[in-house]
Amino acid sequence: MIYLIKPLIVNITIIFSLMFNANLFFPFSKRKPLNFKQSTILGLFSAFSATLCMLYPIETLEDTNFDFRMIPIIIVTLYGGWYPGLLCTVIVVMLRYLIGGEYVYVGIAVSILALGIGVLFRSGFLKSANKVLYGVIVISFYYLVYIFILFSTVSFLDINFYIVYFLAFSLTFTALIFTVEKLIIANQQFDETLYLDKLSTVSQMAAAFAHEIRNPITTVRGFIQFINSDTKDENLKQFAPLILDELDRTNKIITNYLTVARPTNFTLSYIDVNKALQDSVELLRPFGSYRNVSIDLNLEGEHYIYSDEQHLKQVLMNIIKNGIEAVDEEQGGYVKIVKKPADERGQVEIIFVDNGIGMSEEQLEKLGLPYYTTKTKGTGLGSMITNRLIHEMKGKIHYESKVHNGTSVTVKLPIVIKN
């Protein structure tokens, strides 16, 4: 079996090298769903990988090639969905048909089987906390059907070869899942580092300019009030309130910048998440009613976190307020809030869903960046502060949205047992 080492290494190298190249074109991420173009490219990359594996088989027994073409099919279907998986499978099946041979239809059948297994297990795979372990379950199920097909159709069997082949197949498959997961984490850390660098830039700007700008604004505001109280000029009386409103708005923006710039001081305490949500909802319910938006709150279980209560409420209110403002005031709508039980990682999950205008993929990618907002009168600092506070709480925030289909915001926070 020593002679199998070289073709095994060739197949493994093909699969891993093309996976790393695909990650260069569009970094793997759990946050960003693939668009049609990305799905097509991913499917073509996988098909190219599977094709090269077929052209350099590990072993040929009785006019039948044994290779790792099924690994790219299963992996791309598990991570990318049915479309890139189907694209990859169609190309592989066409090539296998052109290669021909006595067992051509067996080769086609196992390729289609790989697609079916990927589609069948994809939902559970994406939800699984341990994808490597789940991958072992996927490949085990695949083996059962694969071996049944071989025993039913193929008259020759080399048990020693199959032991080596399936062992190498399993190790390569699980190693590929492990590597993809590590790449996803590395890409996420890179994005967070980039975001924090941009946040640091804003902090330095805020610290340098905010106080210097605030002082003359305060002086101007005082003089406008003084002149307005002792003037008969109708134009001044008409426009003075507008000037004061704009000065107040400018002052609020500066305050928000200072919030970003200052190191966050946490007053730590045990916080009842249910109560924090209820308080935030009640404070914003009048604002929701004014904009014809209902707020529904669904709480499951009782959970505590150890953090700063005011900062937690600021985060919750920012998200709820954004949801309310995203809804068309004339048509009305809703903001639904669901707090789910803690998961196996000890995190409570809070989901905010609205039926507002939604956001495009480009807007989602820029959300939380300095001075980026989808509102006509916003500054983008609310989302930036929200993201920063959640990060400092050791939590995570994830946005999902489609234009005209609303937005879903998921916040995960580590829970504690209250003493």
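Placed from the backbone N, Cα and C atoms, the Cβ positions cover glycine too.
Summarising the annotation, TrEMBL assigns domain 'Histidine kinase' to 208-417. The transmembrane segment feature in TrEMBL is assigned to 7-28, 40-58, 70-97, 103-121, 133-156, 162-180.
Looking at 40-58, 103-121, 162-180, the range that has the most CB pairs within less than 8 A of the transmembrane segment (70-97) turns out to be 40-58. Of the recorded ranges 7-28, 40-58, 103-121, 162-180, the transmembrane segment (133-156) has the largest number of C-beta contacts under 8 angstroms with 103-121.
Proximity of distant same-chain residues to the transmembrane segment (40-58), defined by a Cβ-Cβ separation under 8 Å and at least 6 residues beyond the stretch ends, is recorded for 4, 7-8, 10-11, 14-15, 18-19, 21-22, 25-26, 34, 65-73, 75-76, 80, 83-88, 91-92, 95-96, 99, 165, 168. Below 8 angstroms of C-beta separation, residues 62-65, 69-70, 73-78, 82, 85-86, 88-89, 92-93, 96-97, 134, 137-138, 141-142, 145-146, 149-150, 153-154 of the same chain, each at least six residues beyond the ends of the transmembrane segment (103-121), sit close to that stretch.
Beyond its flanks by at least six residues, the transmembrane segment (162-180) meets 1, 4, 8, 11-12, 15-16, 19, 28, 58-59, 66, 68, 70-71, 74-75, 79, 131-132, 135-136, 139, 143 of its own chain at Cβ-Cβ distances under 8 Å. Note on the domain 'Histidine kinase' (208-417): its mean pLDDT in the predicted model is 82.
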